[in-house]
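Have a look at the structure below before the remarks.
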Amino acid sequence: MRHLLSAGDLSRDEATLVLDTAKELAQVGDRSVKKLPTLRGRTVVNLFYEDSTRTRISFEAAAKRMSADVINFSAKGSSVSKGESLKDTALTLQAMGADGVVIRHSSSGAAKRLSTWVDGAVLNAGDGTHEHPTQALLDAFTMRERMGRVEGLRVAIVGDILHSRVARSNVLLLATLGAEVTLVAPPTLLPVSVRSWPCSVSYTLDEVLPKSDVVMMLRVQAERMKDAFFPTAREYTRRYGLDDDRFAKLHDDAIVMHPGPMIRGMEISAAVADSPRSTIVEQVANGVSVRMAVLYLLLGGSESAIGN
Amino acid sequence: MTDTNTYLIRGARVLGGEETDLLLRGGRIAEIGPGLDGGGAATVDARGAVALPGLVDLHTHLREPGREDAETVYSGTRAAAMGGFTAVHAMANTFPVADTAGVVEQVWRLGRDSGYCDVQPVGAVTHGLGGTTLAELGAMAESIAAVRVFSDDGHCVSDALLMRRALEYVKAFGGVVAQHAQEPRLTENAQMNEGVVSDRLGLAGWPAVAEEAIIARDCLLAEHVGSRLHICHVSTKGSVQIIREAKRRGCDVTAEVTPHHLVLTDDLAESYDPIFKVNPPLRTADDVEALRAGLADGTIDIVATDHAPHPIEAKETEWSNAAMGMTGLETALSVVQSAMVETGLLDWAQVAERMSAAPARIGRLSGHGRPLAVGEPANVVLFDPSVSREVDPAAMASKSANSPFRGRTLPGRVAATFLRGTPTVLDGKVQ
């Protein structure tokens, strides 16, 4: 129980423990002095091979609130840009005594590979098109805060499922926590074996919206057009964008989520993004709490309490 | 006095039959029968070992010239000898590409100088494996290397017109095009077999249809122009069905399967360890079963290793950055024993057909793939199927260690290999 590589590695009890711990730690953010001594003397390295300001500063804030020493290592302008391999970088961090490594990498499986080369805990902050487990945890935390529960919630995840690490982690974690997930996308943006996943699938957003408690919109990169995943951005928005008319089809208590960064006008309208039922800003705040919880549970004690 | 040019092999089971003796003299098999008198011949105790004709690999990457850090003709042919091979076909994707008479002659000479096994160069179909213009196939055919197999392996000859022309053109000198069947657009950036595992792992998929569509097209083309066609490393159930159907119609198509595709499956990618990254990718258990059945019933003619050595750094990395390919020469016969013989799908005579006689026929290689009979070239492998061993790539003759069987226990061991009567391997050690 040393790393957090996949949301699928978490049992229901472990996932619940993370969410409960995050809830307690969230109170730190409300204090005037936003700091706990828990990880004093521990070193956390943020190893970011992809640009991701949002996730990096979230992890950095989480580690600093726990009093950990934080080293930010970004691939640009570093030894990596000079051709250093991931393994050599890993051995360097190891030699510097990193207790935990938070890795963001464009290659699926990079976090798992890293975990075979370092002794410290490895936290997957997004690996290629594979997983992003802390995003799924913060999404579940946000649902629980807003809706009071996760079990039994009807969650629609809409957009580029095929290339989404957020979708993969959410499907696994939400299934573990007992939510009913429906993936909504054009068939070209769904994995070929998606029917084997623990969720339902629909090609038609309009049919799913009235039956949803949570609608999670994923970013759709316009450049997917070049690979013929859909004809035009306009047509994508016509069929899968959460515009004002579609928003009106949701029941009154339903919430709208987005992992960011969002493309207003493409997958979500400005009015929907800014509505009180949008949780987009809360998700950012919750991200810090959940990452504090994960760091605490992996690095805080002599034996970590979650992950594998 | 020991006669170093003569060897008496005692008690070998020819093609798995009864124990008998073989006398090798003057590069040929001089006598076969029980209780032979070898005179002053060196004696090899082969009791219990199966004697097979020297194996022939139709698909080997020796990496020289250009990537001598991964393999050289010298190290690769030593690995071949350790695997029981007496001839290998060296693939054309070297640096420079083997697309001229000059390069194929260089590789041919390097092989002759190594002395561990005959090296038959494969010529590229297109200039620089670029897929746009035909290489000088006739010049390679007429060179001292006498190239008969042409392949852009690693790349598919995807242009249908160019493939048609190549199939037609090589008829003039009895050549064959060996196609690496991979529709390029369907496999852009592909990392592993497309299916349940790739979807879960978030690795871009290499769909079976990308192989099957090219095989179907090329069988139809070969039939249309009356040419023979060879399909490299068949990896899917659908491909087996397409080839079986084409053969039934009378299409002159042959096909190969690699040892790794006979046993390994795509779930090994769960580790994200690129030691299991290969092209075509490891497929599903269903595909493995169909490949074994196809090899057993003759739909797939031969086993070919696709021995693809890579240096450590090409594999000790993230999956998507890693090189594709696996070594295979030194484990091939053991894997075939495990997958095909111990399962009752093939007997040793059929193994000899699929790993020696048939590949030599497809490659138009004289002097190899001949029966173990008096007067034939003394290309012999002695294989002891009764022992088992843990695969240790560090102990192999290949310069590279990227064996997917690392740490696994495999049955059988090559005890000796003779190339025209000269031992290249004795007592399991390369000479």
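In case you wondered, yes, glycine gets a Cβ from its N, Cα and C as well.
Whatever TrEMBL says is automated annotation, not expert-curated.
TrEMBL annotations:
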| type | residues | note |
| --- | --- | --- |
| BINDING | A:R54, A:T55, A:R104, A:H132, A:Q135, A:G260, A:P261 | carbamoyl phosphate binding site |
| BINDING | A:K82, A:R165, A:R219 | L-aspartate binding site |
| DOMAIN | A:2-145 | domain 'Aspartate/ornithine carbamoyltransferase carbamoyl-P binding' |
| DOMAIN | A:151-298 | domain 'Aspartate/ornithine carbamoyltransferase Asp/Orn-binding' |
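This view paints the features noted in TrEMBL onto the structure.
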| residue | record | DSSP class |
| --- | --- | --- |
| A:R54 | carbamoyl phosphate binding site | helix |
| A:K82 | L-aspartate binding site | helix |
| A:R104 | carbamoyl phosphate binding site | strand |
| A:H132 | carbamoyl phosphate binding site | coil |
| A:R165 | L-aspartate binding site | helix |
| A:R219 | L-aspartate binding site | coil |
| A:G260 | carbamoyl phosphate binding site | coil |
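Of the listed binding-site residues, namely A:R54, A:K82, A:R104, A:R165, A:R219, the sparsest Cβ surroundings within 10 Å are found at A:K82. For the binding-site residues A:G260, A:P261, counting C-beta atoms within 10 A of each C-beta gives the highest total at A:G260. Summarised by DSSP class, the composition of the domain 'Aspartate/ornithine carbamoyltransferase Asp/Orn-binding' (A:151-298) is 66 helix, 24 strand, 58 coil.
When DSSP labels each residue, the domain 'Aspartate/ornithine carbamoyltransferase carbamoyl-P binding' (A:2-145) comes out as 68 helix, 27 strand, 49 coil, counted as helix, strand and coil in that order.
Most Cβ neighbours within 10 Å, among the binding-site residues A:T55, A:Q135: A:Q135 holds that distinction in the structure as shown. In sequence order, the binding-site residues near A:P261 (carbamoyl phosphate binding site) (Cα within 10 Å of its Cα) are A:R219, drawn from A:K82, A:R165, A:R219. Sitting within 8 Å of the Cβ centre of A:R54, A:T55, A:R104, A:H132, A:Q135, A:G260, A:P261, and not among those site residues for carbamoyl phosphate, are the Cβ atoms of A:S52, A:S58, A:A125, A:G126, A:V166, A:P259. Sequence-distant contacts (6 or more apart, same chain, Cβ under 8 Å) of A:H132 (carbamoyl phosphate binding site) comprise A:N124, A:A125, A:G126, A:R165, A:V166, A:R168, A:S169, A:P259. Note: none of the binding-site residues A:R54, A:T55, A:H132, A:Q135, A:G260, A:P261 has a C-beta at a distance under 8 Å from a chain B C-beta.
The binding-site residues listed here (A:R54, A:T55, A:R104, A:Q135, A:G260) include A:G260 as those with a Cα within 10 A of the Cα of A:R219 (L-aspartate binding site). Calculated from their C-alpha atoms, the gap between A:G260 (carbamoyl phosphate binding site) and A:K82 (L-aspartate binding site) amounts to 30 Å. The two recorded residues, A:T55 (carbamoyl phosphate binding site) and A:K82 (L-aspartate binding site), show a Cα separation of 24 Å.
Taking the Cα of A:K82 (L-aspartate binding site) as the reference point, the closest of the binding-site residues A:R54, A:R104, A:Q135 is A:R104.
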